[in-house]
């Protein structure tokens, strides 16, 4: 037998069976002895051990082996020495039931052909015509696939839609494979290894994809009824199938530290080193810092994405990364601002062209003639005409630009997600998640493109396209975020204006002092006519009092005050244009210049 097949669960059953046989006196006067040998599913080892058992030990029968390759080697020798062999465990090859070739062989478990025939009868009973076979290549599932394909080919009723072999047994890969099969079939015949918890991970992936409803059927092919083991339903261990990892790590630690002192065992350090190497991509055979790899690393540094898959490993490399990051991030921000300026300028030009075309079409309609307006500004000694500089002062609506940018980002996001789904073999939702995290320069690092050794026809071209997509996506998302800030600012201004309530009764403001009049001239009395241009008063003696003199000159004083205030305001506006503020520099300054403050 093999230590991994049947030893822990079946060896003790032999002793229990012998105790019951002796207690019930089923076989009297017969002394039965057992010899345990381990072939570990090795064909050569099984042949050598069985030869010694039959020639040297002169055994009456052999129970085993438990694996197909080792079993075929033993039954051939047993036929020559005329020794009975009772195969069990994973020996499900249909060759064992060929009595002409192996007359002394008896199988204690159903063979693959019997199981395939049983599944075929189940299909006919429930009128299922198509199904999918999902398997992992091992001692039993490979033989079962051959017999299932043979029976299906000979049948006129059922058909095998697709055969999927699982190489990567991780939870993520199982989700990806089931996502592809979700629309192919509703009937799944599954053959997975007994060891480990891959069956539980398989059903967990089906549950997360909502494929455990009444529409789906799963037939687990095997010689015993161990579909999957139900374990804890909380924590990350359920999500990624890590139940029992502590036990496995302890077994590995014992094997690694078997011949070493307890204080000198560096197992934990080795595991930590391997984990860091896997995270940094050192276990990947493809070079990380070739030209395209270095280009990808440089882009993730200056764009502040920082996936973390490629990192400098030496002190010199880390020092150079600091210098490069300081200069590169500054240049990257400048590049983003220039891209924002050019993109907004281009959109403004296009929208202005549409507006001019719309105006020209409107003027061509009968009855619509242009009207010339002449505006004079006496306060600032300026004048303008509607015939001069047509649409020079026109600015596009920020909402139109926001809608165009949002549409472009949405299209880029969906197309890029489809691109990564095809090349990285991800689920579409995972691809969409990766694109958003990358374009928004968040960069968690849980999903990173071009990290798996996937067979591609043009790997260098894919790496270049990956770089271009990430760069273009980051630029567009930067523009969208800045334009969105303008929209949010205008929304806040609108809300503040709506909440600006005028209080008529201020008697409750007892602590607020009255404000004094700060004007430069005299306030006119109540009922005084401001349009009056009275310059003199005819009195008998021809003299005016001080009060009358001030009343006559009050209109000219008010005009003087108005001119002084407007002149001061003009100087304030000119000084404000020369100051540095948040709305004068950076992306806010670019967008204010393009759209203005008004919506």
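Cβ atoms are placed via backbone N, Cα and C, with glycine included.
TrEMBL labels come from automatic prediction, so no person has curated them.
Which of 464-488, 489-513, 514-538, 539-563 counts as transmembrane segment depends on TrEMBL, and there it is 464-488. When TrEMBL is compared with the stretches 355-372, 373-390, 427-444, the one noted as transmembrane segment is 427-444. Secondary structure by DSSP for the domain 'Potassium channel' (409-488): 58 helix, 0 strand, 22 coil.
In the predicted model, the domain 'Potassium channel' (409-488) has a mean pLDDT of 87.
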